[in-house]
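Here the structure comes first, spelled out in structure tokens, and everything after it is commentary.
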Amino acid sequence: MSYFGTDGIRGKFGELPITPDFILKLGYVTGLVLIENNQNSPRKPSVVIGKDTRLSGYVIEGALQAGFNAAGVDVYMLGPLPTPAIAHLTRSFNADAGVVISASHNPYYDNGIKFFSADGKKLTDAMQNAINDKLDAIMAVDGNNDAVMPILDPAQLGKNNRIDDAKGRYIEFCKGSFPYQYDLDHLTVVVDCANGAGYSVAPRVMRELGANVIAINNKPDGININADCGSTHPEGLQEAVLKYEADVGIALDGDGDRIVMVDEAGNLVDGDGILYVLATQGQTKVAGVVGTLMSNMGLELALKAADIEFTRAKVGDRYVMQELEANGWILGGEPSGHILCLDKSRTGDAIIASLQILAVMQARGKALSDLTEGFEVLPQKLVNVRLSQMQDPFEHEELVVAFDKARATLEGRGRLLIRQSGTEPMIRVMVESDDEIECDVMANDLADKIKAILG
């Protein structure tokens, strides 16, 4: 079976695959794959491990570390840091892989594992498949770990190292992405840290560049990550920007790879708006932009008017990355806030993306609301339909007929997208139309029909 979804391995803690026993085996077989891929190297393979602020992260961290060490792989423990920090530090430490313990924007009771290759990018399909195959083999042997996890001579075991300066290294990396000729003096910035991995580093980066920072949701307790805060719940940020009369608001998600922003008037600027500003007014001229199937048609039209090419990838930042590399472009992302600026970082990074927007504001002397003029969002309605178990809606004829009828209604003036989540039992229904009422009615009607049939 395939243990990997669109963004690593994810689930509810305590249920397969997110159990200590499974995670131990995952660390072990991943270690074996790294050893096989580095047979000609004179040194042991090494990995860096970071996490977000979930309580379950401590248990998973220990199990992963033990699995890697048992396979003969050295481990560098970085503690709570954003996902993009782990991608950067994987390269900085010359490690063979990076591992992030996080379920991103999900609630605290979920957790997951994401991997980076030695170059700080998402794992190749080939390496992911190799890990998956070894997991299949080890899970097939019931109740006898010694049969599938041979004990090494103690001299061959991996070592465990805790790194104290990882946070400082990442902060300097982020600051280095901001143009040296500008600073953030005289800017008041509200930062919603989602009680997640960026709770410490995000406000500090902004302060060290000169901003007056008001940090909210920056006191994680292990269970309040993403709880009515962060990029998936920006209402509190919008209120805070207005309350403190701030110049801009920035909201991260739980693992710090997604960002949405709020302008000085309290208006939300999602990933599409961020891409529009960076593509049309950013410091680096771009030939084209990669969005996804979820990107608003308004972004496509606005970029076309600016003579900038636009193409859509499948949903997921790994697919955006693949499309960017195929086209030789540097800018892409998703409405949810995964923003890839490949001239600055090799993965989606909320802090670095926000700094590029702040740089445009400072360079042009304009407010964020002024920078987003010219980008008109087409009415869009997104409804998430949670199911009791993962099911394919396209296997039910009644649903297929309903989808076809809706697409015919929208032809030439809107879009319908039906998509299964890659990480949880959920169907996403997205409707775009030049008629806002039609959007709401059609999306809700289709969602109700999916729920009634699939349960």
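Glycine too: its Cβ is placed from the backbone N, Cα and C atoms.
Contacts of Ser104 (active site, phosphoserine intermediate) defined by a Cβ separation under 8 A and a same-chain sequence distance of 6+ are given as Asp7, Arg10, Thr83, Gly112, Asp253, Gly254, Asp255, Asp257, Arg258, in order along the sequence. Secondary structure at Ser104 (active site, phosphoserine intermediate), as computed by DSSP, is coil. Residues or ranges marked as active site, phosphoserine intermediate in Swiss-Prot (evidence: sequence analysis): Ser104.
Mapped onto three states, the DSSP output places Asp253 (Mg(2+) binding site) in coil. Under the heading Mg(2+) binding site, Swiss-Prot lists Ser104, Asp253, Asp255, Asp257.
Under the heading phosphoserine, Swiss-Prot lists Ser104.
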Fill in the blank from the handout: For Asp257 (Mg(2+) binding site), the number of neighbouring Cβ atoms whose distance to its own Cβ is within 10 Å equals 33
Fill in the blank from the handout: Note on Mg(2+): the CB centroid of Ser104, Asp253, Asp255, Asp257 has further same-chain residues inside 8 Å, namely Asp52, Pro82, Thr83, Ser102, His105, Gly196, Ala197, Leu252, Gly254, Gly256, Arg258, Ala350
